[in-house]
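K.L.:
My structure is below; once you've seen it, I'll send some questions.
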Amino acid sequence: MVEDCCCDYETVDAINEEVLHPILQELVTLPFFRYFKVKLWCDCPFWPDDGMCRLRDCSVCECPENEFPEPFKKPYSGLSPDSMICQEGKPQATVDRTLDAKVFKGWIETDNPWTYDDETDNAEMTYVNLQLNPERYTGYTGDSARRIWDSVYKENCPKYPSEEMCQEKKALYKLISGLHSSISVHIAYDYLLDESANLWGHNLPLLYDRVLKYPERVQNLYFTYLFVLRAVTKAADYLEQAEYNTGNPEEDLKTQSLVKQLLYNPKLRSACPLPFDEAKLWQGENGPELKQEIQKQFRNISAIMDCVGCEKCRLWGKLQVLGLGTALKILFSVDGENHLNQSLQLQRNEVIALVNLLNRLSESVNFVHEKGPSIEDVIKQQSSSTVKPVFPI
């Protein structure tokens, strides 16, 4: 069994590979989940931003306003492949800033009590095409990158939880550790193996050194995946009724269909009906105070994302922390109170972050399951060989 969860590893791997991973991979490419609204230019509230990136892959691709065709500035009614040339010649690279008026119809604009960002400040927000800005190795290393994770762990959740620690604080640690593991998996999955040849591929030694040789990190990856999956399934009624409107009826109907497949898949419901049982938390007499304390800690963690020196790392850090904050909001609170008697309300951006985070975790679980059993043999073979290890995708 995955510790503190209600499913075993074999079931998780089977359901993820057969059901969830294929649905999520398709879902995140559709217009509604492809564009993320984010504040990329932020002052770090904790220290001067001195992070430097070694690669151009650190930067996020945006389309400047003057690249938008005049018809595209009107309410979105579809875009033909030949009507737009943007970065890399891909029309889907266009960050559609006109979506704000069209797509946000029916969606509220309220802040998440678990996160730091003011998502209602539209003047400082920009749209980013996530498909054009994949989470991968960027060359962002050294003291600046290390300081981010040190701050997350040291100031907000202990790196090594003790037996005396309450269950709720252990859960926070495991969520952050699981997210950390997933990010490491994606760096290893899509790594620049040869800069001169621009050769990208799998860095299996890195995957082993950062994740697989630490059983706790793998366990926490699965824990975080099941935690977020539970939030998605708990919000099923809300997500089924949500308005997935991008002005493209065909794609929007496909989005609605895939969301329903994700939420109500019979194989998932029979094999793992309750991925995580949130009811066992916050039960003590100090429950309300403890929830406020942990909520504050998680808000601090989300604020640290403004200190990430690499733009693309900041994009994915902010998205995934918002996704985790949305999962916490669904499972535990609205403005710090139980929402059992309140109707759940989510921003469009929260839904986008939640689903993209679940996809990221699903990809990580899939890759770890695929490479885990044989990777030690691979490492042994490499250590006895003088040939440089290369694993092209």
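Each Cβ is built from the backbone N, Cα and C atoms, and glycine gets one as well.
According to TrEMBL, the protein carries these features:
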ACT_SITE  CYS310  active site, nucleophile
ACT_SITE  CYS313  active site
BINDING   ARG136, THR138, TRP149, SER177, HIS180, ARG210  FAD binding site
DISULFID  CYS53-CYS58  disulfide bond
DISULFID  CYS310-CYS313  disulfide bond
K.L.:
Measure the Cβ-based neighbour count of the residue listed as 'active site, nucleophile', defined as the other Cβ atoms within 10 Å of its Cβ.
P.N.:
25
K.L.:
Between HIS180 (FAD binding site) and CYS310 (active site, nucleophile), what is the CA-CA distance rounded to a whole number of Å?
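P.N.:
With distance taken Cα to Cα, CYS310 (active site, nucleophile) is 16 Å from HIS180 (FAD binding site).
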K.L.:
Could you give the Cα-Cα distance between THR138 (FAD binding site) and the residue listed as 'active site, nucleophile', in whole Å?
P.N.:
8
K.L.:
Quick check for the class: what is the C-alpha distance, in angstrom and rounded, between CYS313 (active site) and SER177 (FAD binding site)?
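P.N.:
About 17 Å separates the two Cα atoms.
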K.L.:
Considering each pair of residues in ARG136, THR138, TRP149, SER177, HIS180, ARG210, all listed as binding FAD, report the largest CA to CA distance in Å, no decimals.
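P.N.:
Greatest Cα separation within the listed binding residues comes to 21 Å.
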K.L.:
Which whole-number value in Å describes the distance between the Cα atoms of TRP149 (FAD binding site) and CYS310 (active site, nucleophile)?
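P.N.:
Here the two Cα atoms are 14 Å apart.
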K.L.:
Please report the Cα separation of SER177 (FAD binding site) and CYS310 (active site, nucleophile) in Å, rounded to an integer.
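P.N.:
Each residue's Cα considered, SER177 (FAD binding site) and CYS310 (active site, nucleophile) end up 20 Å apart.
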K.L.:
Hey, what's the Cβ neighbour count for THR138 (FAD binding site) at 10 Å?
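P.N.:
Result for THR138 (FAD binding site): 21 neighbouring Cβ atoms inside 10 Å.
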